[in-house]
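Summarising the annotation, TrEMBL assigns active site, proton acceptor to 67, 138. According to TrEMBL, the active site, for ring-opening step annotation covers 136, 143. For 9-229, the entry in TrEMBL reads domain 'Glucosamine/galactosamine-6-phosphate isomerase'. For 146, 153, 155, 156, the entry in TrEMBL reads site 'Part of the allosteric site'.
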Ligand code: GLP
C-alpha cells in the first residue's frame, strides 16, 4: 500500500483531486467509483476547480457510487443521489446517464443489487475507486464482520455508523438503518483504489487498516491485498500509525518517492 501523509486535510483532499484529474486528463472516458461523506466534500470542490482550470474534460467520465440508504428515493435531501448532484455532478454538468448510484427505494433490493453489479461489469469495471473510511473501519457501508469477498447487497448499519451520520439529518429525523452497498469484493475489483482519511476521529481505523491484521473486523484492511491501493491522509488521521517515520521517508509530505 502506498501511504501518503500530508501536512493537513486540505492538501490531502487536493492530492486526491489531482490524482483523479490526472486520470481523467489521460483517459476522459474513465470509470470512477465514487464515495460520499464529509471527507469527500473538499475533494469534489477541488475537482470542480481543476475542471474549471481545463485540466480535464469535465463531463466525459462514467461513475458508480458505493452506496445509498435503503428507503431514500433519489430526491430525498439526505440521499446520496442528492449529495452527488449537489457536490459534483451538477457543477461539472455530468449527463445523468453517466452517473450511477444504487436505488435505495427499489421495490426489490436484491434485484437492484444484481442490476448494479451487472451495470459496473457492462461499463468495463471501475478504473479508480475512491473510498472514505468509517471510524469502525468500514468502507462503503461494509461494516465489521462483512464478508471480504462480498458483492453489492443490503447491509445493516452499525450503531456507531448511524450515530456518526446523524449530523447530516435534521433534529428528530430518523437516520436509515440499512443501506445498499457495493461489496468488498466489488471494491477490490477496481484497477486502483484511493482511500482518503482526515481528522483524529479516523486515526484508530487507519492504524488498523494499514498495520493491523487482515481481518473482517476492520473491512478496510482488505486493501493490504490490493495491488494498487493508496492511503491519502493528514497528520491527524496518521497519528496512531507506528511506522510513520518510514512512510514519511518514502513520501515526504505525501509527495513523490525519494529514490
Ligand atoms: C459513510 C459512507 C462511507 C464514508 C463514511 C465516512 O458511512 N457510506 O463511504 O466513508 O461515511 O464518512 P465521513 O467522511 O463523513 O467521515
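Cβ atoms are placed via backbone N, Cα and C, with glycine included.
Location within the structure of each feature annotated in TrEMBL.
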residue: 67; record: active site, proton acceptor; Cβ neighbours (10 Å): 21
residue: 136; record: active site, for ring-opening step; Cβ neighbours (10 Å): 19
residue: 138; record: active site, proton acceptor; Cβ neighbours (10 Å): 26
residue: 143; record: active site, for ring-opening step; Cβ neighbours (10 Å): 21
residue: 146; record: site 'Part of the allosteric site'; Cβ neighbours (10 Å): 21
residue: 153; record: site 'Part of the allosteric site'; Cβ neighbours (10 Å): 22
residue: 155; record: site 'Part of the allosteric site'; Cβ neighbours (10 Å): 23
residue: 156; record: site 'Part of the allosteric site'; Cβ neighbours (10 Å): 12
Neighbourhood of ligand 1 - recorded positions from 67, 153, 155 with Cβ under 6 Å:
67
Is any of the recorded positions 136, 138, 143, 146 within 10 Å of residue 155 (site 'Part of the allosteric site') (Cα-Cα), and if so, which, in sequence order?
143, 146
When DSSP states are folded down to helix, strand and coil, where does residue 67 (active site, proton acceptor) land?
strand
Across the whole of the domain 'Glucosamine/galactosamine-6-phosphate isomerase' (9-229), what does the mean pLDDT come to? Round it, please.
97
From 67, 136, 138: active-site residues whose CA lies within 10 A of residue 156 (site 'Part of the allosteric site'):
none
Through the lens of DSSP with three states only, how would you label residue 138 (active site, proton acceptor)?
coil
Cα distance (Å, whole number) from residue 136 (active site, for ring-opening step) to residue 153 (site 'Part of the allosteric site'):
19
Which state, by DSSP, holds residue 155 (site 'Part of the allosteric site'): helix, strand or coil?
strand
So of all those recorded positions, 67, 143, 146, which one's Cα sits nearest to residue 136 (active site, for ring-opening step)?
143
Expressed to the nearest Å, what is the distance separating residue 138 (active site, proton acceptor) and residue 67 (active site, proton acceptor) at their Cα atoms?
12
